[in-house]
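Heads up: the structure comes next, in structure tokens.
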Amino acid sequence: SPWGNGPNFSLLVVAKQRHDEEAVIDRGRPSNAVSIRYEKEDLEGHRTLYVGARMPPVRQSHRHHRRHSQKHRKGERERDSAPTEQGYHCKSHRSPSQRVQVILRTQEDEEHVPRHLFSELDEICVKEGPDAEWKETARWLKFEEDVEDGGERWSKPYVGTLSLHSLSELRSCISKGTVLLDICANSMEEIADMVLAQQEQSTEFDEHRRAQVREVLLRKHHHQNEKTNNLLPVVCSFADVSERQSDLHLLYKPDLSGQRRSVPVAPSKDGVNRESRAVDLSKVRHSFLKKIPNGAEASNVLVGELDFLHQPIVAFVRLSPAVLLSGMTEVPIPTRFLFVLLGPEGKAHQYHEIGRSMATIMTDEVFRDVAYKAKNGADLVAGIDEFLDQVTVLPPGEWDPSIRIEPPKNVPSQEKRKMPGALDDSASHSTLEKHSGPELQRTGRLFGGLTLDVKRKAPWFWSDFRDGLSLQCLASFLFLYCACMSPVITFGGLLGEATDGHISAMESLLGASMAGVVYSLFAGQPLTILGSTGPVLVFEKILYKFCKEYTLSYLSLRACVGLWTAFLCIVLVATDASCLVGYVTRFTEEAFASLICIIFIYEALEKLSHLRDTYPVHMHSKLDFLTSYYCKCEAPTHPSNETLRFWESNKINVSGIAWENLTVTECRYLHGEFQGPACGRDGPYTPDVFFWCCILFFATFALSSFLKKFKTSRYFPTRVRSAVSDFAVFLTIVIMVLLDFVVGIPSPKLHVPHAFKVMGCFGWFINPIGPNPWWTVLAALIPALLCTILIFMDQQISAVIVNRKEHKLKKGCGYHLDLFMVAVMLGVCSVMGLPWFVAATVLSITHVNSLKVESDCSAPGEQPKFLGIREQRVTGLLIFVLMGCSVFFTSVLKFIPMPVLYGVFLYMGVSSLRGIQFFDRLKLFLMPAKHQPDFIYLRHVPLRKVHFFTVIQLICLVLLWTIKVSRAAIIFPMMVLALVFVRKAMDFCFSKRELSFLDDLMPERRKKLDDARNEAGEEEGVRLAGSSWLDISLGLLDCPFLLQLVWKRAEGEGRRLSLCWAFSLSPNL
């Protein structure tokens, strides 16, 4: 029976014995594999599953080495060769990729955990004389850097190009040369002795030449950063060097568990080692150290030609533990790998290319892991073969090998080379990925979602303040403070005009400060910035007009509507209604975000154009008649009834006024008229002011964009570029304010209220009933329903955009907690007669973009990696605290020109559009196919389908814009909600796979497909559990996710052992 314990069990044991015999002989162990006792756990463990995989249960190192005679070494090699070849034959049916995957799946101890590697290529030529020394010619941290021919500078980092011939020669060197793994050596002398002990003694390589080679290996290493003509050499004691080295060990060798561990330092035999004396303190302070990741180790490649050698000497050494060989490496980090290639003269270029190949392949992520976990030379050869399978060949007649390829901006992941189950881009989209996280799962309990949000965010509360202690947060705070001030004051001014002064800029400033501080302290996602929105202003206008027509108290009815809205929002929180946000996919998000960004851009340009009405321009003036142009104030020849009533009420004697001597402000106050060729409709022409405002507006936008990109500039050190980029907008505002002050043209300035005061006689708290009838309390429920939808959609869509997975947020989010805090502050602001504030999309996106964190430690030529967002509460808290204190900074804020703030709005709108896929797809309409970017969705979705999807989204955006600018703007939230249903209907026009590339999947469809797949998996698992091991191995080649089901249903030890044998044949385990 295939499930029995007979043949399959014995075959498994035979494979185990062969593996251990091969590993033992190859590693030089004195014990015999036959005498090893195999426990039951060893047979059931996954390390015993693979035929031909060398997986000994215990690692041993070469602790003692002595010279062997030629006869003894020859007999030892003969004993090694037979089992090794036999074991290799067992694996001959596997591809190099499968063998590498087997090697990488082995369990590693602390010493064999792969780390970052720094590779250095040193070369020597004895023909240069008896004083020849090892010279550093190239280095690799991720990309290759060469010492230029002049020998005084490093080249730019570039992608190393290797020849197939050099790679094949390297493979031959590893397979035929000496491979020493996990040897314990504390100095270069010991390593040289171990390497030379493995070389056969012959007439061509006698003791004299052995001593010569040893002397060459121990020669001094000259590095590029060392100055040959140093008139003031650094003199330091051995104790100082050792102390600094000890500090570097602690700095650069942290353990994986987070604990620091020491690194062995090569001791000297005579008390003062020449290598130790070679260490220069300039190395320790070398700026290149900042580029090396913590815990990195070195891989030294030594190649050269010797005139006294007749046969090459090749050795690959892996030290265990890694040891700091002073003077060996450019930077003082411990050496883990050492590759030596010394050969006869006349082949220096060939040796150089083989050394480059070795150093380059050691920086390959997959081969590096193989080198750490290899049990013998065959594993290293398998790693090289796998590397060769992945290389791309460039035709010699169509490519110049001397051209240096620039490092790419993004390097693809190598996980699919390591794991057979790793998915590429297309496969990852075929698997269903959840659009929403656990924050949007319905709990079924009253306030269950809110409770989970509080529990999720509570552990991060104090860290939210510690993480805010950063220079980047200071830059973000200064930028957004200026960005938030103007819209809040402008919104208050518009609200004051709409409500006849019931709510004005003072109330808007106070409400924004109070709501923002509370929200920043207790919200689930403090990165969201509260602000005023257009639909809220439209709602306020309609409500005030209704109250005015029916002679109702506006503030009292508004308080009722606000309290009902707060209550309904709390009901939504209690019932976990925020889970509906899962239906808001990228389609809806991008349409909403694009609309808000376009509104920002449009309003910035509109406000600039309105300045032309305030400061008119004389369009067709003649320069020769400038001396005759004038504009003076005169009494109106035909005063209107309103003007006459004004004169009568203020007891103004028109005949007694010297109209020609009045200022522009006085003339407008007295309702005079401007007459003259230099007069516009409402006053004198002032072309210099308007055009100066245009200069400030566009200069602010251009300078902000330039300084924000300054981080990628080639000028100045990294810290300077980063600081300029972080403070880009704030520096722009400061520069523009100074420029405006120096030029002296009277541009319009920011107006901030001078003191806290209440408009009218309403007091600080509003009675919800007041003079209104009692039934207005109940009637307020109707507009409150519409206001609730408005608040819910504005808040949650902005929150979804902030919480997108692309931002790599680590502290989680809290949709229920966010809505709860907005509801509470909505009720408080309603009772106090203050404006309502909700999440502002553009300000929130700008806040997130200003807090992006990139990797500080990046290899030369490597682009900094996006690590996530600096999640904290400090910036939002400081923004709104300072906003409330703005009345005390009036003397400073009054110098900020309004066109500068308009330029900041334009910058925020344009910068927020970047990264929105919708605009990338819009540009495809104007691009020929051959010039279109290599977007992932263009690879897997037909172009006509992409255009169809974009047209639908564009139509929805146009409809939203039409409604937003019309009188029906009050139903704008309902139209945003309608986008969800439009997106649902698109399931009938596009396939699941197409939508996975263009958008996110809807919750119901994900659930149905998940259920269908799980049901199919259950049936397949039941069927396979009763099949033979051959059927299972064939059935699971491409279905590794069924392994757990089959394993659970395989009853009995015999069946599971047979399954182990069956799964060992599958590369997708």
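Residue 1 is the first one shown; counting continues down the chain.
Cβ coordinates come from backbone N, Cα and C, glycine included.
Annotation comment: TrEMBL describes 60-74 as compositional bias 'Basic residues'. Residues or ranges marked as domain 'Band 3 cytoplasmic' by TrEMBL: 116-401. Among the features that TrEMBL reports, domain 'Bicarbonate transporter-like transmembrane' is placed at 445-1003. The region 'Disordered' feature in TrEMBL is assigned to 54-98, 399-440. The feature transmembrane segment is assigned by TrEMBL to 474-496, 508-532, 552-575, 587-605, 689-707, 727-745, 774-793, 814-838, 874-893, 900-919, 970-986.
Nonlocal intrachain contacts for the transmembrane segment (814-838), taken as residues 6+ away from its ends with a CB within less than 8 angstroms of a stretch CB, comprise 439-440, 447, 449-450, 452-454, 456-457, 491-492, 495, 502-503, 507-508, 510-512, 514-516, 518-519, 522-525, 528, 530-533, 536, 540, 555, 558-559, 561-563, 565-567, 569-570, 572-573, 576, 578, 581, 762, 764-766, 768, 791-792, 794-796, 798-799, 803. In this chain, the transmembrane segment (587-605) lies in contact with the transmembrane segment (970-986); the count of Cβ pairs under 8 Å, excluding pairs fewer than 6 apart in sequence, is at least 3. Within the chain, the transmembrane segment (774-793) has long-range Cβ neighbours (under 8 A, six or more residues past its boundaries) at 535-536, 539, 543, 552, 556-557, 560-562, 564-565, 568-569, 572, 577, 768, 819, 822-823, 826, 836, 838, 970-974, 976-977.
Counting only same-chain residues 6+ beyond the ends of the transmembrane segment (508-532), those with a CB under 8 A from a CB of the stretch are 453, 456-457, 464, 480, 484, 487-489, 491-492, 495, 752-753, 756, 798-799, 802-803, 812-818, 821-822, 824-825, 828-829, 832, 834-840, 843-844, 847-848, 851, 869, 871-873, 876-877, 879-881, 883-884, 886-887. Highlighted: of the candidate stretches 474-496, 552-575, 900-919, 474-496 has the greatest count of Cβ pairs under 8 Å to the transmembrane segment (727-745). Long-range contacts of the transmembrane segment (900-919) within the same chain: residues 482-483, 485-487, 586, 590-591, 593-594, 596-601, 603-605, 607-608, 696-701, 704-705, 708, 729, 732-733, 736-737, 740, 750, 806, 842-843, 845-846, 849, 950, 953, 957, 998, each at least 6 residues beyond the stretch ends and with a Cβ under 8 Å from a Cβ of the stretch. Each residue in the domain 'Band 3 cytoplasmic' (116-401) has a pLDDT score, and their mean in this model is 78.
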